[in-house]
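So the structure is just underneath, and the comments pick up after that.
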Amino acid sequence: CFFMYMLLLGSIKSFGILYSEILLTTDNGAGSTALIGSSAGFIQSLTGPFSIFLAVRFSFRSVCLLGGVFLCLGYVTSALIHNVLYWYLTYSVIAGFGYGLAYVPCTTLINYYFERNRALANGIVLSASGVGGFLFPHIYRFLLDRYALSGAMIILGGVMLNICVAASFLRQPLEFTGSQSSTNKTGKSQEVPKTCRELVFRKFCVCGSDVLRDLRFLFISMAFCLTALSYSAYFYTFPSFLESENVGKSTTVFIFSLTGVCEIFARVAMGWFTDLRILSPTCIYGICMVVSGVATLAVPLLHQTTIYYIYAVIVGIFPGSFYALMSVIILETIALKNLPSAFAIITIFIAVFSLLGIPCLGWIEDLTKSWDNVFFITGVLQLLAAMVAFSVSRCFDTNTSDNDIVIEQGKAEAADDKLLGGEKEAGIE
């Protein structure tokens with residue numbers, strides 16, 4: 001999961017390097033070019049429910065393998081076309097579909113193998129985003145300077161195919177295996193794969209409606225959407241902003257990669273601190289958004305290279321930790337058995353916000369010929385996300401104890417055992 005997440009998030013975050021290169025080498029506007037990346041994100045999120053259903057129905061391994069193939073295909077076909085407008089098909093649709101197949105199963109799977117240290121486990125896995133965020137901008141810049149846009153995309157397609165290597169090590173959680181057995185009166189083991197498959201499918205289908213009826217979940221989803229839009233905008237707009245400030249390409253890549261370095265340590269540290277339960281995960285998330293929002297508002301007011309370095313570090317530490325806290329915060333409002341559907345629903349919400357929001361930020365730059373207003377807007381969005389998070393944390397009781405989770409899982413498993421007519425194997429370390 002770590003290696004796969006490094007490849008996925010490293011390439012997603014480095015689209016800003018491609019974005020600035022496309023703007024320099026073509027006559028595409030900032031808004032329409034940004035739409036390529038945001039459309040890929042929309043397809044990725046739209047594929048989320050489909051991919052998690054396939055992962056439950058078949059296996060997490062096979063779905064992620066298929067995602068790696070589609071990603072390679074999307075990158076290579078993008079290299080073979082000369083009109084960047086066709087990237088809406090090759091990159092946005094084909095590669096976006098590959099991202100969706102691999103991303104949601106990868107981020108969901110780890111939660112089924114940890115309970116008490118779940119936040120730390122997520123932090124370690126998601127710190128791979130920082131590794132990718134540090135390495136991939138340098139890789140992208142080197143390949144673009146050496147082989148131009150087409151050659152770079154071919155090589156990157158081969159790099160993305162390594163997702164299949166990582167996916168081959170994934171193992172299906174016991175909750176979703178279809179080979180569980182029941183014991184009859186004679187002591188003989190009887191395989192009941194069809195019944196288990198039907199049970200998992202029924203659970204997966206009904207939990208979506210349960211999640212959407214939870215008011216706390218809807219509020220925190222709104223905060224996540226605001227954060228995801230403003231956080232994604234950083235990777236789209238900050239390299240181009242630095243280019244407009246005449247910082248230089250090498251300095252731009254270095255500043256940009258600082259965010260990835262900070263994420264490596266910040267996500268692990270954030271997961272460790274969250275597991276201490278000094279503050280609730282939702283409260284920690286709100287504090288992170290306040291710090292990030294204030295820093296984002298300060299950038300267009302100061303216009304100093306030193307501030308850009310500091311801002312890159314702040315983004316890596318505070319909003320960059322949002323994804324490490326995401327699963328833990330969700331599990332404060334819903335049961336573990338509903339996590340796959342809840343995660344898929346949130347990715348759809350985020351996709352709609354990103355699809356509409358990121359191109360709008362590019363069009364604002366087209367109209368005003370300045371990136372300053374983009375920073376003002378994203379800073380306000382982060383502060384709004386903090387307000388929603390603090391409201392949820394204060395107004396609702398979101399502290400679900402580990403005992404409550406275990407009791408709820410025990411009741412669900414007991415009901416499953418009764419339905420299957422035998423003993424069911426289950427285990428979460």
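Cβ from N, Cα, C; glycine included.
Here the structure is a predicted model, which means the values were calculated and not measured.
What TrEMBL records for 216-429 is domain 'Major facilitator superfamily (MFS) profile'.
Tertiary neighbourhood of the transmembrane segment (34-56): same-chain residues 12, 15, 19, 22, 62-64, 67, 84, 87-88, 91-93, 95-97, 99-105, 108-109, 176, 200-201, 204, 232, 236, 340-341, 343-345, 347-348, 350-352, 354-355, 357-359, 361-362, selected by CB-CB distance under 8 Å and a gap of 6+ residues from either end. Under the heading transmembrane segment, TrEMBL lists 34-56 (among others).
The transmembrane segment annotation in TrEMBL covers 63-82 (among others). The list of residues near the transmembrane segment (63-82) in space but at least 6 beyond its ends in sequence, with Cβ under 8 angstroms from a Cβ of it, reads 4, 51, 54-55, 90-91, 93-103, 105-106, 149-154, 156-158, 160-164, 166-168, 170.
What TrEMBL lists as transmembrane segment is 88-112 (among others).
Residues or ranges marked as transmembrane segment by TrEMBL: 119-140 (among others). If you look at the transmembrane segment (119-140), the same-chain residues 6 or more away from its ends with a CB under 8 A from one of its CBs are 1-11, 13-14, 17-18, 107, 110-111, 113, 152, 156, 159, 253, 256-257, 259-272, 274-275, 281, 316, 320-321, 323-325, 327-328.
With a cut-off of 8 Å between Cβ atoms, the residues of this chain six or more beyond the transmembrane segment (146-170) that come close are 1, 3-4, 7-8, 11, 18, 21-22, 25, 59-61, 64-65, 67-69, 71-76, 78-80, 98, 102, 105, 109, 139-140. Among the features that TrEMBL reports, transmembrane segment is placed at 146-170 (among others).
Per TrEMBL, transmembrane segment is recorded for 217-238 (among others). Tertiary neighbourhood of the transmembrane segment (217-238): same-chain residues 12-16, 19, 34, 37-38, 41, 211, 256, 259, 282, 285, 289, 292, 296, 312, 315, 319-320, 322, 326, 329-330, 333-334, 342, 345-346, 349-350, 352-354, 357-358, 361-362, 365, 371, 374, 378-379, 381-382, 384-386, 388-389, 391-392, 396, selected by CB-CB distance under 8 Å and a gap of 6+ residues from either end.
Tertiary proximity for the transmembrane segment (250-270) is limited to same-chain residues at least six positions away from its ends with a CB under 8 Å from its CB atoms, namely 10, 13, 16-17, 20, 119-120, 123-124, 126-127, 129-138, 141, 234, 238-239, 242-243, 284, 305, 308-309, 312-313, 315-318, 320-321, 323-325. Under the heading transmembrane segment, TrEMBL lists 250-270 (among others).
Residues annotated as transmembrane segment in TrEMBL: 282-302 (among others).
For the transmembrane segment (308-331), the list of distant contacts is 107, 111, 118-119, 122-123, 126-127, 129-130, 133, 217, 220, 224, 227-228, 230-231, 234, 238, 242, 245, 247, 255-256, 258-263, 266-267, 270-271, 274, 281-282, 284-285, 288-289, 291-292, 295-296, 298-299, 339, 342-343, 346, 382, 400, 405: same-chain residues at least six beyond its ends, Cβ to Cβ under 8 Å. Residues or ranges marked as transmembrane segment in TrEMBL: 308-331 (among others).
Residues or ranges marked as transmembrane segment in TrEMBL: 343-364 (among others). If you look at the transmembrane segment (343-364), the same-chain residues 6 or more away from its ends with a CB under 8 A from one of its CBs are 29-35, 37-39, 41-46, 48-49, 52, 103-104, 107-108, 208, 211-212, 221-222, 224-226, 228-229, 232-233, 236-237, 326-327, 330, 373-374, 377-378.
According to TrEMBL, the transmembrane segment annotation covers 370-392 (among others).
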Using Cβ atoms and a strict cutoff of less than 8 Å, what residues sit near the transmembrane segment (88-112) while being 6 or more residues removed from its termini? 1, 4-5, 8, 12, 35-37, 39-48, 50-52, 54-55, 60, 63-64, 66-75, 77-78, 81, 118, 121-122, 125-126, 160, 163, 167, 170, 173-175, 323, 327, 331, 336, 339-340, 343-344, 347, 428
If we skip the immediate neighbours and take only residues 6+ beyond the ends of the transmembrane segment (370-392), which ones have a Cβ under 8 Å from one of its Cβ atoms? 216, 219-220, 222-224, 226-227, 229-230, 233-234, 237, 240-241, 244, 282-283, 285-287, 289-290, 292-297, 299-300, 319, 361, 364, 398
